[in-house]
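Taken verbatim from Swiss-Prot:
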{"type": "ACT_SITE", "residues": "Asp166", "note": "active site, proton acceptor"}
{"type": "BINDING", "residues": "Asp119", "note": "Mg(2+) binding site"}
{"type": "BINDING", "residues": "Arg471, 528-532, Arg566, 573-575, Glu629, Arg655, 661-664, Arg735", "note": "beta-D-fructose 2,6-bisphosphate binding site"}
{"type": "MOD_RES", "residues": "Thr2", "note": "N-acetylthreonine"}
{"type": "MOD_RES", "residues": "Ser133", "note": "phosphoserine"}
{"type": "MOD_RES", "residues": "Ser377", "note": "phosphoserine"}
{"type": "MOD_RES", "residues": "Lys557", "note": "N6-(2-hydroxyisobutyryl)lysine"}
{"type": "MOD_RES", "residues": "Ser667", "note": "phosphoserine"}
{"type": "MOD_RES", "residues": "Ser775", "note": "phosphoserine"}
{"type": "REGION", "residues": "2-390", "note": "region 'N-terminal catalytic PFK domain 1'"}
{"type": "REGION", "residues": "391-401", "note": "region 'Interdomain linker'"}
{"type": "REGION", "residues": "402-780", "note": "region 'C-terminal regulatory PFK domain 2'"}
Amino acid sequence: MTHEEHHATKTLGIGKAIAVLTSGGDAQGMNAAVRAVVRVGIFTGARVFFVHEGYQGLVDGGDHIKEATWESVSMMLQLGGTVIGSARCKDFREREGRLRAAYNLVKRGITNLCVIGGDGSLTGADTFRSEWSDLLSDLQKAGKITDEEATKSSYLNIVGLVGSIDNDFCGTDMTIGTDSALHRIIEIVDAITTTAQSHQRTIVLEVMGRHCGYLALVTSLSCGADWVFIPECPPDDDWEEHLCRRLSETRTRGSRLNIIIVAEGAIDKNGKPITSEDIKNLVVKRLGYDTRVTVLGHVQRGGTPSAFDRILGSRMGVEAVMALLEGTPDTPACVVSLSGNQAVRLPLMECVQVTKDVTKAMDEKKFDEALKLRGRSFMNNWEVYKLLAHVRPPVSKSGSHTVAVMNVGAPAAGMNAAVRSTVRIGLIQGNRVLVVHDGFEGLAKGQIEEAGWSYVGGWTGQGGSKLGTKRTLPKKSFEQISANITKFNIQGLVIIGGFEAYTGGLELMEGRKQFDELCIPFVVIPATVSNNVPGSDFSVGADTALNTICTTCDRIKQSAAGTKRRVFIIETMGGYCGHLATMAGLAAGADAAYIFGEPFTIRDLQANVEHLVQKMKTTVKRGLVLRNEKCNENYTTDFIFNLYSEEGKGIFDSRKNVLGHMQQGGSPTPFDRNFATKMGAKAMNWMSGKIKESYRNGRIFANTPDSGCVLGMRKRALVFQPVAELKDQTDFEHRIPKEQWWLKLRPILKILAKYEIDLDTSDHAHLEHITRKRSGEAAV
């Protein structure tokens, strides 16, 4: 990219005006998006306006449309809801209302509109855009606007960001607010679980989702529910019988509680609603269990946005500004959305159409079609739920294989969820599943036992590692490990852990030359707070650590805001990998994040101090600086603290916090529970296939490179990659992958902190078309 192109982003918005509004139901993370739109808009030289109270503010004009400043979006990131207000607006549905809205925009020279809301809000925006030229000619005829004003505002650019806790919009994997809503639900499920266990109760939990069962489905995966009712997949006609049998089976196996999750729009095959009360009455009447209903309601919309939603909102906000300013009269109104971890632009009306098609398919009782249209991610969730909740392990173990599961490295939240789904999917497939305590050390010492179905009951929501985990590598103990593989007849190995799990995998590959016993398939599931395992964009546990850091940063910022003129320097974990520091910097609104992956000098430190000196002259008199623990051996946390203290004398004072091992603890977030559960299921499916493939002459012999893999999330898919092939992509000295996708997000962090830098637009989203899944097509 040339310097001219770089420079173009800083002048892209000169002479242009952008209005941002939030409409429809509020969602956590909307404020992060508003903040990003305002700051990136100002960065490009554009004027940015808040439209208060959604479309109603657009119609009413006056003080509802105000110009935004850099400081006016400060301290917004950690707030739930929408600071600029939202309202359901009848006026905008009428042409007269849209005419007044057009007049208000033209008078202010605004030709770019960023709408953050659900499908109704975005459809309204598209209607507005398609009528724009007719509305202008009506205003001209009425003499309300001049010919010059009409020419200047000849076309309207519209970009939508989907803010909806239901995740009911087709074309995007996650809508802004969904992850935070899941946080609220899971907090409540965890709290209710303890009281239900004490009294041996059945809990019926109703969550939001009139036409979309995403929240209910992911909640059931994240808490190991016994049953879920969602509108897209109504239960079979004899569901009452099946449900009661399932609940009593769970109790017989020693469980003290049952959890049933119901989406508010749940229906049966004939379209008749299934209510929480119906389910409660059924369980009480047929089984006599003490059953309680909890309807969550608007709690789900409330509270602090999760780290995921803050980062999603910020990334989408940046993309929205770029899409608006690059727009021409010929570009269609688009939605900025997320696919895997990639930002994409999709034509707004294509997405709205597919979203309507889902509702239509459900109305016509074509439920398979509705499920396909929901997309790949939804279908994967449904398949894993069905396996874990509805398929029973076979009674006979004849012809079964033996698979061992272990944790390696440091503890990470979500490890237990991965172990649970690996064990249970293994049992469902008719295998014997062994669990190994204390990693490779335990494998060498024979700390191995067989796991049954209830062995891993209730593990999904528990943090840390219940099996015990060690950083020990296998090389020194190959003889003992080989002996135990033979003794316990282990035919496959699932290794859940961090960089040591990956390195251990490489050592096992090498050891195959000497020890035939090591020629068994193995798969590594990345699980570490550092997110530094080659072959995967995400690791189990990183999201939980990120949320822990965010919560702490919010509290520290609050303290600094009260004290005034104070800068906090916070040290995060991650070894040499700067993922936690960078992402927490984005999510908590840090002024700087020092990491090993982006070398810095004393001049950079001085520039940051000078930047904070300037910041103290504004209304925002506080600073937050993050430092990755191994970003530089000489510029330590103490050094940076001392430098800031000296240079800031008389202007600001400094404090330091080393967060330490609290980042490894805590209950796993919904993202980590769900991600770990799906990874475990996928790993075990692969393992069963590989064992069958490698079975020759009555024994397993696997010595091909593809029989030892890392299962990783790469851009938009879960893929198995041979560990040997990942060797070249690894910096072993610093225990990090050579290429890390999140480094591309660092310029956004700097721009949002008001640094004058170049923004490389080469990696921005381009317009794509929505891929539609029809009946009969396989989910990837």
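Cβ atoms here come from the backbone N, Cα and C positions, even for glycine.
Computed from a predicted structure; not experimentally measured.
Take the CB of the residue listed as 'Mg(2+) binding site' and look out to 10 A: across all protein chains shown you find 24 other CB atoms.
DSSP assigns Ser667 (phosphoserine) to coil, not to a helix or a strand. Reported as a whole number, the C-alpha separation between Ser530 (beta-D-fructose 2,6-bisphosphate binding site) and the residue listed as 'N6-(2-hydroxyisobutyryl)lysine' equals 24 Å. Straight-line distance linking the Cα atoms of Arg471 (beta-D-fructose 2,6-bisphosphate binding site) and Lys557 (N6-(2-hydroxyisobutyryl)lysine), rounded to a whole number, equals 35 Å. In the structure shown, the C-beta of Lys557 has more C-beta neighbours within 10 angstroms than that of any other entry among the recorded positions Arg471, Lys557, His661. Calculated from their C-alpha atoms, the gap between the residue listed as 'active site, proton acceptor' and Ser133 (phosphoserine) amounts to 34 Å. Among the recorded positions listed here, namely Asp119, Ser133, Ser377, Arg566, Arg566 has its C-alpha nearest to that of Lys557 (N6-(2-hydroxyisobutyryl)lysine). In space, Ser377 is the closest of the recorded positions Ser133, Ser377, Arg566 to Ser667 (phosphoserine), judged by Cα positions. Arg566 (beta-D-fructose 2,6-bisphosphate binding site) falls within a strand segment according to DSSP. For the pair formed by Arg566 (beta-D-fructose 2,6-bisphosphate binding site) and Ser377 (phosphoserine), distance between Cα atoms is given as 44 Å, rounded to the nearest Å.
Within 10 Å of the C-beta of Ser133 (phosphoserine) there are 14 other C-beta atoms, taking all protein chains into account.
Take the Cα of the residue listed as 'Mg(2+) binding site' and measure to each of the recorded positions Ser133, Ser377, Gly575, His661, Gln664: the nearest one is Ser377. Around Ser667 (phosphoserine), taking its Cβ as the centre, 16 other Cβ atoms fall within 10 Å, counting all chains. Around Ser377 (phosphoserine), the same-chain residues at least 6 positions away in sequence with a Cβ under 8 Å from its Cβ are Asp173.
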